[in-house]
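Worksheet: the structure to be examined is printed underneath.
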Amino acid sequence: MEGTVESQTPDLRDVEGKVGRKTPEGLLRGLRGECELGTSGALLLPGASSTGHDLGDKIMALKMELAYLRAIDVKILQQLVTLNEGIEAVRWLLEERGTLTSHCSSLTSSQYSLTGGSPGRSRRGSWDSLPDTSTTDRLDSVSIGSFLDTVAPSELDEQGPPGAPRSEMDWAKVIAGGERARTEVDVAATRLGSLRAVWKPPGERLQGGPPESPEDESAKLGFEAHWFWEQCQDDVTFL
């Protein structure tokens, strides 16, 4: 009988853990008494008239009513615990949402302060900061071409018009390449065919020899300018 009564008593350990207090013994006794009366078939609802007129019957009716009220209190307590859990869950969601909103707003403000405008501007700025290889190549070719264009005419101007006498310094500047200049002279002489270019050191030319004709002089000047331009182009490309 006692095992049946204990098994029918509701388990209030979850409620005790959530509330933090132990269930009163009076409430447990009332629940046990209600179960005992239910099993014996003598449970009376509130408001039911008692057939007995003695004092014992009245005390029993009061105990049954008290147990019924305590059972209602337990149900109300369980509903309050459930409501409290729902309120805690809603408050947690609101706090998390507020934290995320403040974090996002701080990130957005930092992004605006860094970019000085819209967020898309930072992406465009990062793409614009990447080096453009095609533009660099075009600039390099233009700079090389402009350098060669400025070097070749200046050398032609320094050498003077065809037929004019040249100094030993100008001739030494043209043949400063040494063996490379000789090779270029031989190749160009072979291509021209009709031009017989004979390379001579500056010392031999100054010591004496037959004067060259103006046509040969002008052809040599043109060839030397072309060779010097090719040499400058090779040097710049190597750099």
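Quick reminder: no glycine exception, Cβ is built from N, Cα and C everywhere.
Keep in mind it's a predicted model, so treat the numbers as computed, not measured.
Quick look at what Swiss-Prot annotates:
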- 107-116: compositional bias 'Low complexity' (COMPBIAS)
- SER118: phosphoserine (MOD_RES)
- SER126: phosphoserine (MOD_RES)
- SER129: phosphoserine (MOD_RES)
- SER213: phosphoserine (MOD_RES)
- 107-139: region 'Disordered' (REGION)
- 200-219: region 'Disordered' (REGION)
- 55-83: repeat 'LRR 1' (REPEAT)
- 93-114: repeat 'LRR 2' (REPEAT)
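Across the repeat 'LRR 1' (55-83), DSSP classifies residues as 29 helix, 0 strand, 0 coil.
On the 0 to 100 pLDDT scale, the repeat 'LRR 2' (93-114) averages 73 in the predicted structure.
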